[in-house]
Every structure is written in C-alpha cells, then in structure tokens.
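**Student:** So TrEMBL has the following annotated:
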COMPBIAS  470-480  compositional bias 'Acidic residues'
COMPBIAS  481-490  compositional bias 'Basic and acidic residues'
DOMAIN    23-450  domain 'Major facilitator superfamily (MFS) profile'
REGION    455-544  region 'Disordered'
TRANSMEM  21-40  transmembrane segment
TRANSMEM  63-84  transmembrane segment
TRANSMEM  91-110  transmembrane segment
TRANSMEM  116-137  transmembrane segment
TRANSMEM  149-169  transmembrane segment
TRANSMEM  181-202  transmembrane segment
TRANSMEM  268-293  transmembrane segment
TRANSMEM  305-327  transmembrane segment
TRANSMEM  334-355  transmembrane segment
TRANSMEM  361-380  transmembrane segment
TRANSMEM  392-414  transmembrane segment
TRANSMEM  426-450  transmembrane segment
C-alpha cells in the first residue's frame, strides 16, 4: 500500500496492537457494522409483498433490491480499498454511513421500482460497503493475539441483527407502512456514522511528542537557566533531526491505492480460489431451504422458523470458533481449521439432501448453523494471517470482488436448476460438493505449496531501492526513539562537563577551552557536539 501514516488509517509496523483498551469499543462498532451489512439486505425482504402490491411487480423484481445491495457490498470492495488507502478508515466510514442512511430515506419517497433499485439498492449498498471493509481493517489493527476471538465476536453481529431487524421490520410495516418503515430504517443506519467515529487510528507520533517534551523539561530542570540549557536542548534535538533528515532525503516508494502485488503471495492466490469455489455453493441451501420445506408439506410458520434455528446456532458458533482459533496450539494451523469448517458445511449439505421430514430439516439446520458460523468466524481471520494488516485493505477488496462474481453465479444457477428439474436434492448435492471441493483444495494447496516452501531456505532480503519499505522506516523510527529516550533520562551539569546516563549508555561531553580550538581525541562512535564558544566538543559513548 506504500504508506504508514497513522493519521490516514493505516497501521505502522512499529505500533503494537493493544489487544484491548479502546479496541473493545472498535470491536463493538465492528459488531454493529457487520450486523447491518449482512442482515439488512435480508431484513428488507419483509417489505416485498407491500412493494409488489403498490408497484404492481412480481417477487423476482422486488428480490433484485436485496441482490443489488449484496452485489454492491461485495463488488465495490476495490473501490472501498482505494478510498481507505487514500483517506483512511474513519472518514470513509462516516461517508458510508451517510450514504447508507440517505439511500433508505430517499427510497421512502420513490414512485417506481427502478428508483428503489437506485436508492435502496445501489446507494444503501455502496454505503454499507464503505462501512464494512474499513471496520474489519481497524479490527485487525487493534487486535493481534486476540484477533481470532475479536473476529468471531464481530461476525456474530450478522445473526444477532438478523434476529432483531426482521421482527422490527414487520412491526414498522404494520404501524407505519413500507414508506415509514424505510424512513425509520434509514435513521437506524445513521448509527454506522457513530461506529465510524469511534474508529480512532493508532497514534504512532504520540510517543515521539511525549519524548520531546520530556527532553526539554528535564534539560531545563537539571541545567542552569541560560544559554547552556538552550544549547543542551538544541544538541539533543539536533542529534535526532540529523537522522530523520537523512531518512527523509531517501526517495520513498510511490503510493499505491490498490496493491495488486498481493497476487504474488501464493497463500493469497490459494485463498482466493478456494473462496470463489466455496461461495458458489455456500449460500444456496439457506436461500432455498424455506421453499423446499414448503414443497414437502411443512406449514409456512414452521418453515420460516428453520432460518431462525440457523441464526440462533450461528450466534454461539462464531465466538466459540473464534476462541478455538485463538488458542496457541491452534493459531498456526488456522487455515486447516478453516478447511475443516468448509468440509463440515459441505458434508452437512450432502447428507441432508434426502431430508423429507421437519425433524430431519431441524437437524440439518443445527449442523448447518454450526458449520456456517465456523466459516463466518474464520474467513477474514485466515485472510489477515496470510497477508498481514499492512496489505489487508487491498486484499479484502479484491477478495470481495471475487466473491461478488461467485454470488452472482451460484444462487441464480441453483434457481434455474430447480425450475428445470423440480428436484431440490440435486441442488443440495451440487452445493455441498462445491464447498467440499473448496475445503480439500485449500487444505492440500496449503500443505503442498506453502508448508513445503517454508522448508526451503529463504534468501536474505536486500533493502529495496529508494530507502526501503515503510515498515523498515517505522522500525528505524521506533529504535531511534528508544535510544534517545534512554540517553536523555538524566542530565547533570558542571562547569566544563555534561553527563547523560541511561540503563545501557553513558555519554561524556568534554569541552576544550583552549585558545587554539583543537578537538580532544574521541573513541569509536564519537560525534561532534557544538559547545558554548568552541566547536571542539565531542560526545564519547561507552557501552557496558
């Protein structure tokens, strides 16, 4: 991505994720954003019958509203990545919250279905996309050791909000009609702006500012007021600025709005292919489940309750899987755990293809909820582990674009097969086989390509032309701050010497007051220090 400015929303390599503190507030915001992003397109379906009646359209026409929302959520991933890399996470999320809210508010004044596609579909979908991706990026910057648990808790927002928004939408429809319901739902989406406001970037520069203030304070406290105190302060700052100036003179790499170099990462390529195959069949069973239950004679209310069972199990499966993935013995093998989750989900589809009673469908929903929750909790954790937090914004944008293509292929193709064969068992077999194939591909490719590659010795990395990467520069800054913070811990003054001592270094400043201005001999590492009236001062550093 070519940048490490914390003010722009990117995490410098020298800043250690706090794994708590304000990160829990960021996690709460990510929980809300994830809930709105995944649950809102499904919750809007409660208004479809009223829309069909008012606009004189069919069910497939109104269903395009949810489809456009999801297509915008997935398909605009690269756009979101570019905006995050250019402006940072928090500004993008604030704009996204306003777009999502304004889309639903404008939808309440529409007069035809095309206007609904443009407002509730495209505008609201784009707003949610600009919230969803940056929230995951910020979550990765605030959590490292607890990141699997954080991802699991954030992913639980999807089933929680689905369980809440669907009944709420029904109540709003009965009380205020679909126009009033859209207006109120648009107001609820303004909470995305609140979530964006709490996405505070980690401040890398605060430590340097505090060290600079501390240097000046201690120098003035321990040295006599006058020119020597000011000279000592200028000497300290001059030593720091000299290194910083040299580093700034080195040419920096150009800024990348979307980093396509991640395709050179074999792990990312393997993950993208596996995710594409998985998405072809992952969403098909829950989409067709209710209609399948009705076709075998299950009453409408009991058929709708099947989705509630999946959502309820999903709420507990995601955080539990996140805790499992965060264990020390499991963390290095999280890709294999993800493969197991996909295998579990695919086998559940295949084994339930012949379910023809309500009891067997309930059992299917329980196991599907567990496996679906595991997949939801691990999918972004595995991606973060593969590409790292520095390239995650570009990686997730490209992955979501790949998923958008699969989403537009999988469910519509399944619907056409149902219309052609009138047999749901074929669809369950096909969907399950696709998910199983993706799990086997991910596991075998990870073992053969990645693990085998780790056994071969890697050549030593040479500094890149142009002063190295932003990560290396940030690490250099951190080391520089630590060195000088210790050097300036204690200052004392005498008539002709100034001693600066820390836990591992002693600097002795010797002044030469002779008239000829000859410098004193210095040991290795001595650097000239400007004196009061003489340029022949040196700083000698003796390492213990």
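Here the Cβ of each residue, glycine as well, is placed from N, Cα and C on the backbone.
Just so you know, TrEMBL annotations are computer predictions that nobody has curated.
Mind running through what each feature is packed against?
**Tutor:** Tertiary neighbourhood of the transmembrane segment (91-110): same-chain residues 9, 33, 36, 80, 83-84, 116, 119-120, 122-131, 134-135, 179-180, 182-183, 185-187, 189-197, 199, selected by CB-CB distance under 8 Å and a gap of 6+ residues from either end.
Within the same chain, residues 9, 29-30, 33-34, 36-37, 40-41, 44, 51, 55, 64-65, 67-74, 76-77, 79-81, 83-84, 89-90, 92-93, 95-104, 106-107, 110, 154, 182, 189, 192, 195-196, 199, 380, 389, 392-393, 396-397, 400 sit at least 6 positions outside the transmembrane segment (116-137) and bring their C-beta atoms closer than 8 Å to a C-beta of that stretch.
A Cβ distance under 8 Å defines the sequence-distant neighbours of the transmembrane segment (305-327), meaning residues of its chain 6+ beyond its ends; these are 145-153, 155-156, 158-160, 162-163, 286, 289-290, 293, 334, 337, 341, 361-362, 365-366, 368-374, 376-378, 381.
Away from its own ends, the transmembrane segment (334-355) comes close to residues 148, 274, 278, 281-282, 285, 321, 324-325, 361, 363-364, 367-368, 370-372, 374-375, 378-379, 381-382, 385-386, 424-425, 428-429, 431-440, 442-443, 446 of its chain (Cβ-Cβ under 8 Å, at least six residues beyond either end).
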**Student:** Given the model, what does the mean pLDDT over the domain 'Major facilitator superfamily (MFS) profile' (23-450) come out as?
**Tutor:** 83
